[in-house]
């Protein structure tokens, strides 16, 4: 390439960061890709700072083993670019858009730079169409909007990744559009499992996967979400598609940015995070939107450090989301999955003019009963249920049935649980909870409502437990 005639030399190396001396009049632009060739391999860096006197500081996108001072560095003259278009479907890539699935190299393809401007106000399009997930607790209480941004918040081990995988299974297989999955700083094993699950489910041919896992340097983890988003944007803007973008885990994007910020010598902000946290998050999130050409619906898993929802990383993500789904360790400890906390979760789509009046009223009533149940917990812990008034006893009994009925067997978990996964239509969910609220099933054992899809299945389970309608 002609642009590679601009050659510099490494003058300093510290971990995944290098300083490179270029001629003063030929310093590479910020965000330019630099290339170091060593032992028949190529290491790509991205320019992050100009230090002056012709020296630039750059972040590595892969491991920096075998680097040494004095090595030649080539300015590619362009930003990091990744392949886009139909050739990326059914394939797995790294942050640089290189296939990592052992498949054949891509033929001729289009490449787009990973950095781009967000759509303008005139290009954006608002929508209020509900995205059906088939998961009762989500469809009833936290409905997702097509073209919206959805966050799944939770600490370690409460079921975020399993919920993301179930959403991929339910939505990707039902909606028929294209999907892009970004594995950001998570376990390689989970990526491997997801790849084969999607292959088995027959949705891989409509999906592109991009991974920058937790064993990779911070530069790769910070940019991999942008690589995946670039692929999704092409489908939206040039092929007029409705795209699903799954990101697991958006916290690792922030965490990688924090590591890079420290390596670049920036003074840390609150709780040690980078001072540019809001800017970096905004630049990513504002590109994820619906336009007049197509839509991107994003589902993002958000790790909550030490279960502290006020931590700057999850708190910064909140403001960009249309629906907030909070997973709770206490609910998981009860053995209720998905461990969604209905009282901490919210969605701007839960409005009567969007979901319908009946759906809205049923959802509000469910939340009211669960809220009252929570208020009574301290009294129950001290005095016991017997000391409650008759009306409160009824609330407690009904709330326990509702809480159990919000659980659901997942398709992606059936090989572990042995229970067949369930996809429940919204209308069935609303009608079932409406009947449950009416007291029609107050005499059915509350255990019968655990891990069933519908009321009819709960009745069958109750009969197997020895319950009869005469009871």
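The backbone N, Cα and C atoms fix where each Cβ goes, and this holds for glycine too.
Taken from Swiss-Prot, the feature ATP binding site applies to 154, 155, 156, 157, 158, 159, 160, 161, supported by sequence analysis.
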Other residues, Cβ within 8 Å of 154, 155, 156, 157, 158, 159, 160, 161 Cβ centroid (ATP site): 303, 327, 332
Per DSSP, three-state class assigned to residue 160 (ATP binding site): helix
Cβ neighbours of residue 160 (ATP binding site) where a neighbour is any other Cβ within 10 Å: 26
Intrachain C-beta neighbours of residue 159 (ATP binding site), sequence separation six or more, cut-off 8 angstroms: 327, 332, 337, 338, 339
Least Cβ-crowded entry, counting other Cβ within 10 Å, from the binding-site residues listed as 154, 155, 157: 157
Cβ-Cβ distance under 8 Å to residue 161 (ATP binding site), same chain, at least six residues away: 186, 190, 248, 301
Sparsest Cβ surroundings (other CB atoms within 10 Å) among the binding-site residues 156, 158: 156
